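A short write-up of the structure that comes next.
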Amino acid sequence: MAAKLKGKMCKSETCTLSPVLTFRLKMVDSQYYLPNDIGISALDCSEAFRLLSPQEKMYAHYLSRASWYGGLAVLLQTSPESANIFVLLQRIFRKQTPAQLEQVATAAGLSSEEYQAFLVYAAGLYANMGNYKSFGDTKFIPNLPKDKLKALVWASQAFQEQPAEMEALWDSCSCLLYSLENRQKQLGLGDKGITTYFSGNCCLEDAELAQKFLDSKKLSAYNTRLFKKEDGGKTCYEVRLASAVQKDCAVDGECESCCGSFSFEDKEFTVKRGDYSPIMEKVCYYLEKAQTYAANENQRKMLEEYTRSFTLGSIEAHKEGSRYWIKDKGPIVESYIGFIESYRDPFGSRGEFEGFVAVVNKAMSERFAKLVSSAEVLLPELPWPQEFEKDTFLKPDFTSLDVLTFAGSGIPAGINIPNYDDIRQTEGFKNVSLGNVLAVAYATQKEKLTFLEEGDKDLFIKWKGPSFEVQVGLHELLGHGSGKLFVQDDKGKFNFDQSKVINPETGEPVSSWYRGSETWDSKFSTIASSYEECRAECVGLYLCLNKQVLSIFGHEGQDADDVVYINWLSMVRAGLLGLEFYTPDSKSWRQAHMQARFVILRVLLEAGEGLVGLEEVTGEDGKPDARITLDRSKIPTVGKNAIHRFLCKLQVFKSTADVEGGRAVYDNYSTVSDTGAHNFLRLRETVLLRKEARKMFVQANTRISGDSVELVEYEGSAAGLIRSFTERFQDDAEQLESSLLELSKQDAPCWC
């Protein structure tokens, strides 16, 4: 990329580039490539799958198929070009495996490094379901010259057999595939980045107006996209619901059809069904197949409602399915599917499709069950008044799972779902920790451990996994599972006593709350995801100091103290690493969890008294470096007090729907500047210089052989990841690819 930059300059300018500037350009540009030595690991679930009964294997198989097909919607939710790039790669690798294509690449003039860069790019596109990183929302492009990639495409068997189609496919995406124009470097709304949740002419004001409209119609934004059009000088908005059917009939349980045209604040809104229609059809087909093998009535009803949701675009049906899902306690095969997490919608309301299928790890689940049993004792330990906690703690399922399938843009370490506030507050939720993901994702090599003192590194490697297990448990169960939202419903009824509840931050009666159909996401919008992750992370830090919690996870005495120390040190280090996910040009954060961890670092630095040290140093290689220190003796005093104060603030703003107060505090701690005690903008450059690419996972496939289901596993490499995807959709590859291209083509005019 540095060479590309030089190409835009005249000769004399190229000569005057200082070594430092050249180095910095290369350093910054490297974040838009995936390195050839990126970690790629196979997600092992063979033993867990082997122990399933034939019926459970069939159930898992069909749910996996539904998840994988649904996950293809993420291509269309990510960028205008993602679906076309996916099809281009599928067509190449369906005809020739990575091993077979290597000889073609050599003959076409690619070096072994360039061919590996191509494989890594392809693996990255599959793993992220698009050409933007799922963790950080930064674009990545192939780390080889465009003419070399074109030569490889032209030399491929796929091109030889269908030259006109392949050339048209290349022409449709090759420009955007390599483009690093400022707006295209990251996801975002308007001039801040790329999004396909909104048409290209939408800005924040449009998103806010659409949210008000959706609230007025009591419609959730989770499964929608927004398209803005000008018609005879009048602004019109199209709200598109994800559904298999395209006709606008009323859905069971609705008083009237949510579809149609409506006038709202002098603007025309049209609500239509049919977004991702062919994909949703496939999801419904496989969910119906899975119903035959359901273990109980709750699972059957759950799948029935999910099918209704994806057929008709009804979030109410998905909520109903989620209610049955919550009631399905302790299943052997656990799953969830739908438009779930809103991290990648720049406005924070629309859900990205994901689906997972996993098998319960009984030994680890016993620990989480003990944590659930202790929840009612632990919740009063949290730093907010009793009135700010839910009236009743609805004991959830909390299980450790080995993932068989996780379709979407990335795989988390733990999940707390459903995300529907009304269900979580009054009916419950489930927590899952993904054990085989944790085992692979957080294995660390000493030489790759950045920003720590030498004396901390061995301890960090020993306790990082166990401490993260504790943090995930607390974060999901008592972080996301705690806290009350004060609500006045449509009939004027309050779920709290206005005359008695006092705001602990002001000493005055509570004066604000959620009204009618307002939700946490709709109210706090752009900061909701990160703010909530920060609150949950703080709960984890705060409660991991509790000896009873540590004992549940099997840690006593010195070991328990070490777990606490490494958990807090991990959080402080993650706060510094989070700077990779900040974009100075737009002053915006691209990853909710990493913004949350940076905020916590700022809070702990502000606590002073020598609790946290952060200094810029020169590394052994002569390049900029940084060192983090944490005084473990001050964690239970200075550290705990700082988190106590901050966590109480976060909860009070959240409970009382005080967007203004919450945003002011959160934005203040999220600020990255070059003034003050620490030059965070300069530290960001150091973080980019020493960053390690996030690992990618290779997942198995399942296939029916006679009356049984086989598990097909692949090696942990770029080639293995590619093969898993080409074999995943081989039954109807041509029809599927044609549908994806058609969907992409239909929307193409909307992004201009």
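In case you wondered, yes, glycine gets a Cβ from its N, Cα and C as well.
Feature annotation from TrEMBL assigns Zn(2+) binding site to H475, H480, E533. Annotation source TrEMBL lists active site at E476.
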Same chain, |i - j| six or more, Cβ under 8 Å of H480 (Zn(2+) binding site); the result in sequence order is N416, F429, N431, E532, A536
For E533 (Zn(2+) binding site), nearby residues of its own chain (Cβ under 8 Å, 6 or more apart in sequence): A592, H593, Q595, A596
Which number gives the other C-beta atoms within 10 angstroms of the C-beta of H475 (Zn(2+) binding site), all protein chains shown included? 28
Among all the protein chains here, how many other CB atoms are within 10 A of the CB of E476 (active site)? 28
So around the Zn(2+) site, H475, H480, E533 aside, which residues have their CB within 8 A of the centroid of those CB atoms? N416, E476, G479, E532, R535, A536, E537, V539, G540
